[in-house]
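> Can you keep this structure in mind? I'll have questions shortly.
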There are 2 protein chains.
Amino acid sequence: MPKPNPRHPNFPIPGGLELRAKGWRQEALLRLLENVLSVGEDPENLIVYAALGKAARNWAAHDAIVRTLKSMDEDQTLIIQSGKPVGLLKTHDKAPLVIMANCNIVGQWAKAEYFYELQEKGLICWGGLTAGAWQYIGSQGVIQGTYEIFMRIAEKRFGGSLEGRFILTAGLGGMGGAQPLAGRMAGAAILVVDIDPERVAKRKAIGFLDAVAPDLDTALQMIDAAVSEKRAVSIGLVGNAADIYPQIVKRGTVPDIVSDQTSAHDLVYGYVPKGMSLEEVRRLRTEGQGQLMAASRASIADHVRAMLTLQEKGAEVFDNGNLIRTQAREGGVANAFDIPIFTEAYLRPLFARAIGPFRWMALSGEESDIARIDDLVLELFPDNHIVTNWIRLARENIPFEGLPARIAWLGHGERTQLALGVNELVAKGELAGPVAFSRDHLDAGAMAHPNIMTENMKDGSDAIADWPLINAMTMCSSMADLVVIHSGGGGYAGYMTSAGVTIVADGTAAAAERIAHAITNDTSLGIIRYADAGYDEAIEAAEEHGVPHIKLDAS
Amino acid sequence: MPKPNPRHPNFPIPGGLELRAKGWRQEALLRLLENVLSVGEDPENLIVYAALGKAARNWAAHDAIVRTLKSMDEDQTLIIQSGKPVGLLKTHDKAPLVIMANCNIVGQWAKAEYFYELQEKGLICWGGLTAGAWQYIGSQGVIQGTYEIFMRIAEKRFGGSLEGRFILTAGLGGMGGAQPLAGRMAGAAILVVDIDPERVAKRKAIGFLDAVAPDLDTALQMIDAAVSEKRAVSIGLVGNAADIYPQIVKRGTVPDIVSDQTSAHDLVYGYVPKGMSLEEVRRLRTEGQGQLMAASRASIADHVRAMLTLQEKGAEVFDNGNLIRTQAREGGVANAFDIPIFTEAYLRPLFARAIGPFRWMALSGEESDIARIDDLVLELFPDNHIVTNWIRLARENIPFEGLPARIAWLGHGERTQLALGVNELVAKGELAGPVAFSRDHLDAGAMAHPNIMTENMKDGSDAIADWPLINAMTMCSSMADLVVIHSGGGGYAGYMTSAGVTIVADGTAAAAERIAHAITNDTSLGIIRYADAGYDEAIEAAEEHGVPHIKLDAS
Ligand SMILES: NC(=O)c1ccc[n+]([C@@H]2O[C@H](COP(=O)([O-])OP(=O)(O)OC[C@H]3O[C@@H](n4cnc5c(N)ncnc54)[C@H](O)[C@@H]3O)[C@@H](O)[C@H]2O)c1
Ligand SMILES: NC(=O)c1ccc[n+]([C@@H]2O[C@H](COP(=O)([O-])OP(=O)(O)OC[C@H]3O[C@@H](n4cnc5c(N)ncnc54)[C@H](O)[C@@H]3O)[C@@H](O)[C@H]2O)c1
């Protein structure tokens with residue numbers, strides 16, 4: 001039975017054991033679609049997160065998807081083009097149930113302005129990284145991502161701990177809202193600036209933010225106190241980051257860590273330029289896109305100049321994947337890329353071993369299923385410090401949203417082992433229902449994004465998009481249940497291509513076969529991509545695990 | 001047994017019944033790779049056609065591919081990234097044997113200059129539309145393409161016949177070299193200009209060109225004579241099109257049809273600017289790329305201005321898919337797009353019904369296999385005028401190159417029916433060996449190319465690249481043997497994305513299943529793509545054939 005959803009009463013949280021489709025595979029995908037709406041930012045408009053990231057093109061498209069998932073057979077494949085179902089083909093029982101391509105635009109046309117045009121014509125919609133693929137699990141995914149970044153910085157610069165350290169960042173939206181909780185979980189004192197009082201209030205209300213400061217002075221005093229007591233705390237402040245960051249510079253305060261997660265990637269629907277009210281910005285979104293883009297770019301330039309100054313003064317400053325450096329460079333900040341990207345700076349050695357954000361969702365809706373799987377993870381991987389630490393922290397700190405779910409940074413072999421173990425638990429009746437597995441698109445072999453994921457690759461292959469396409473084609477050939485190729489929309493248009501995959505563990509032998517093929521090939525490709533680029537970690541991992549990487553004879 | 005190849009003695013033409021791989025599927029793909037080299041322009045450098053279109057990244061990559069095809073099992077998949085094999089994954093027996101992604105670059109980076117950089121680093125190679133996918137069958141494919149364009153023009157403007165009509169065009173390279181033969185087969189008097197005397201001599205030597213004129217005066221006299229006698233003839237002329245076209249304008253001569261197939265898409269490795277010798281151009285290719293690009297663009301501007309003048313004076317002028325208008329527009333010819341593209345002008349009603357260039361290759365190497373299949377086509381489709389006419393003409397006029405092959409514009413249902421029929425002939429021993437089926441990437445649902453294939457789509461979806469990606473993912477899910485996603489290289493970088501597929505008919509029941517799934521889904525997607533864009537022909541075809549197109553409720 002679905003559960004009521006206080007946040008969005010029209011979008012109940014799926015659950016229970018009643019099938020509305022012809023099998024659990026189809027039912028699972030239907031529930032995942034329902035789930036991304038139930039945890040989404042603005043489900044009435046099909047928006048899941050990141051300003052424009054949608055679960056389906058429009059309501060007619062959504063309804064046709066739901067109808068088809070309910071009626072289709074296991075040897076059919078539903079084809080979805082940018083959120084709109086276009087065909088239901090006869091395939092076979094080892095083929096995916098759903099194939100999607102979202103927001104892919106031919107290179108020379110892949111620009112924000114053109115994307116908006118196509119969107120207005122109703123011809124395209126952006127799927128974000130997990131909205132259009134029905135894989136979003138609420139804030140948890142990005143909480144761990146941000147937490148792991150903080151912990152890698154702790155290891156690199158602060159003796160393994162962020163106790164008594166000050167983190168400054170901005171943005172309390174769908175993703176950025178995870179920052180205060182991640183910072184507190186990492187033991188730091190974190191200050192997060194957002195221009196929108198409603199967003200700030202919301203993060204406080206759902207327990208992601210400890211306190212809201214009335215002004216910058218008070219905020220810095222609260223931070224100072226926490227730092228000297230080595231007390232973890234998260235403080236919110238209403239303000240424009242392009243004002244606040246320079247003010248902090250002026251006061252001579254230097255935080256230990258500085259980042260930003262405003263929607264800087266989108267100069268129209270995301271970023272709010274300084275000196276403008278939210279109302280003014282909302283009006284310009286329809287009436288003055290050009291003016292708004294110019295103002296946003298200028299404001300981001302100031303914002304990033306302040307970040308660069310703090311970097312010079314010794315802060316650990318990084319770009320957290322919102323294209324802020326790219327926008328700043330276009331706004332005239334020639335050295336914006338002196339700020340490193342988080343992937344290259346902290347996470348690449350993990351990705352090179354195909355360790356990345358893997359996740360699972362309890363389709364029954366029962367939280368106890370996740371608890372049981374948490375135990376299994378701790379049993380299976382007692383020596384994996386990152387994962388055991390995270391599972392313990394997450395259990396204590398992270399409220400479930402929508403379908404109960406968990407994320408954990410697992411690698412090649414581990415992911416397959418866990419998913420097979422879960423499938424067995426389903427078979428033995430130790431879980432209330434089937435479980436769906438997916439991973440972030442930002443995963444080893446699955447994303448080309450030269451300003452985020454693949455910046456400064458060792459061999460210079462940053463912009464080569466063959467890899468995510470190979471990943472998606474391989475997943476279609478490896479019994480995955482849902483496969484998707486996404487490219488960027490809005491300000492991300494032309495900046496990325498990525499692939500996503502979902503696999504359903506319903507306790508059958510067929511599911512075990514699917515898991516063994518799809519998950520193993522997915523992480524194999526991750527290792528192969530980095531081995532091909534010359535990363536030692538990947539070359540070693542390939543040997544260690546017998547990954548079938550082809551090496552050429554020296555020519 | 002392989003056959004000797006007088007043109008390239010080191011690259012014998014594959015054939016015979018001896019298997020070097022573990023099964024016919026693998027052997028077939030190996031032979032197709034060998035074949036594109038045996039018919040290629042410069043096989044020593046792995047170049048098949050179109051200046052830079054390669055069969056593999058380099059020789060070490062080629063050798064590893066060959067080794068792997070020979071040793072791999074039927075439930076494995078070889079992964080190829082831009083011509084380089086990177087992994088051999090365990091999949092299953094309904095998965096493709098080979099998956100490729102070639103030359104795909106993230107949008108904002110997809111520009112000619114960046115492509116050349118990546119190419120120089122050895123990180124990428126362009127596969128053309130059929131070189132990298134091992135699907136090229138020599139000139140025949142493009143001969144029919146050009147012939148069908150001429151015949152559609154004949155129907156539209158000249159009462160169904162080109163007798164007594166004058167066609168002016170340029171380019172006698174790997175593809176363009178088909179023009180004189182296509183023009184003669186269509187009954188016209190055709191003059192083809194090329195700057196390279198060797199190319200001109202070669203087309204004459206292999207029987208594609210009737211005669212070479214020593215100068216423009218003589219050329220025009222020869223054309224005049226043929227026109228007045230309504231005699232079909234093809235004349236070559238050594239010269240720069242950017243000189244010759246304006247001279248023809250000056251003389252007041254107005255051909256009936258005007259086009260061009262120089263390598264205008266590539267300002268460095270393709271087009272030769274007027275006023276420059278071939279030697280000079282070859283030197284600048286390494287030493288002065290910038291200068292060469294500017295000179296090419298200026299020259300193309302003159303070339304296209306002459307075409308526009310001839311259009312004003314009443315000639316039927318069209319762009320034959322070499323990006324010449326795009327280059328001219330960048331060179332300052334604002335109205336270059338007054339010249340229509342051949343797809344929109346002549347072929348779209350065919351593509352909307354998924355009628356496009358389908359082809360088959362006799363893996364035995366026996367020409368009699370093609371003859372037997374020609375008969376089958378005539379038996380199966382007696383009322384299909386385009387196809388029966390073409391098969392009769394091709395039998396008379398087209399010499400085989402490499403593996404004996406045939407191309408024919410067949411549509412949804414027809415392709416599946418023919419391939420199943422051929423598979424039966426193989427099973428019954430009526431053919432000497434198995435047959436491989438493929439199609440051009442320039443096919444209904446398989447290409448996004450806003451300046452060629454998808455220009456001026458009814459709904460404005462020209463630049464949406466979801467469709468070729470969907471096609472490739474669907475082919476991976478429909479038992480195809482080889483699946484590939486290509487994007488443009490050189491001057492085509494950022495201008496296109498396309499998908500290719502190969503299916504092997506080895507006479508087994510499994511092959512029949514592969515054919516039924518892969519070919520039917522391929523053409524279904526073609527119809528769906530055009531139906532979704534609002535083309536009546538496609539909407540009718542979908543209904544007529546029961547294609548599973550999903551229509552949304554009016555919202
Ligand atoms: N690690 C990654 O790669 C990763 C993961 C998720 C999201 N992101 C990126 O992070 C960014 C934020 O994502 P989101 O889902 O939270 O977006 P969102 O649109 O939901 O929220 C953005 C927030 O920024 C605030 N804001 C805008 N301009 C501001 C300014 N000048 N000063 C202060 N606050 C401002 C807005 O009020 C809003 O609350 C996006 O660019 C997204 O794509 C990156
Ligand atoms: N219908 C289609 O969409 C389609 C199909 C195949 C090829 N093409 C395009 O057609 C073009 C030709 O392909 P190709 O394989 O023959 O290329 P190619 O490089 O083999 O041959 C190009 C020829 O043009 C000649 N040339 C270059 N500049 C010239 C000039 N200024 N004047 C006269 N001759 C000149 C060269 O000497 C050469 O013989 C390419 O742009 C190719 O991509 C389009």
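Cβ atoms are placed via backbone N, Cα and C, with glycine included.
So TrEMBL lists these for the protein:
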type    : residues                                                           : note
DOMAIN  : B:17-134                                                           : domain 'Urocanase N-terminal'
DOMAIN  : B:138-346                                                          : domain 'Urocanase Rossmann-like'
BINDING : B:174-176, B:D194, B:R199, B:240-241, B:261-265, B:271-272, B:G490 : NAD(+) binding site
DOMAIN  : B:349-543                                                          : domain 'Urocanase C-terminal'
> Any idea what DSSP makes of B:T262 (NAD(+) binding site), helix, strand or coil?
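DSSP assigns B:T262 (NAD(+) binding site) to coil.
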> Using DSSP reduced to three states, classify B:Y271 (NAD(+) binding site) as helix, strand or coil.
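Coil, per DSSP.
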> Within the domain 'Urocanase N-terminal' (B:17-134), count helix residues (DSSP H, G, I), strand residues (E, B) and coil residues, in that order.
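Counts, helix then strand then coil: 43 helix, 25 strand, 50 coil.
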> Taking the Cβ of B:T262 (NAD(+) binding site) as reference, which residues of that chain separated by at least 6 in sequence fall under 8 Å from it?
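Residues satisfying the criterion: B:A170, B:G171, B:G173, B:G176, B:D194, B:I195, B:A241, B:G270, B:Y271, B:V272, B:N322, B:I324.
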> Under 8 Å Cβ-Cβ from B:R199 (NAD(+) binding site), six or more apart in the same chain: what's there?
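For B:R199 (NAD(+) binding site), the qualifying residues are B:L172, B:G173, B:G177.
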> Under 8 Å Cβ to Cβ from B:A264 (NAD(+) binding site), same chain, six or more residues apart: give me those in sequence order, or none if nothing qualifies.
B:G270, B:Y271, B:S296, B:I300, B:H303, B:N322, B:L323, B:I324, B:Q327, B:G491
> Please state whether DSSP places B:G174 (NAD(+) binding site) in a helix, a strand or coil.
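Assignment for B:G174 (NAD(+) binding site) reads coil.
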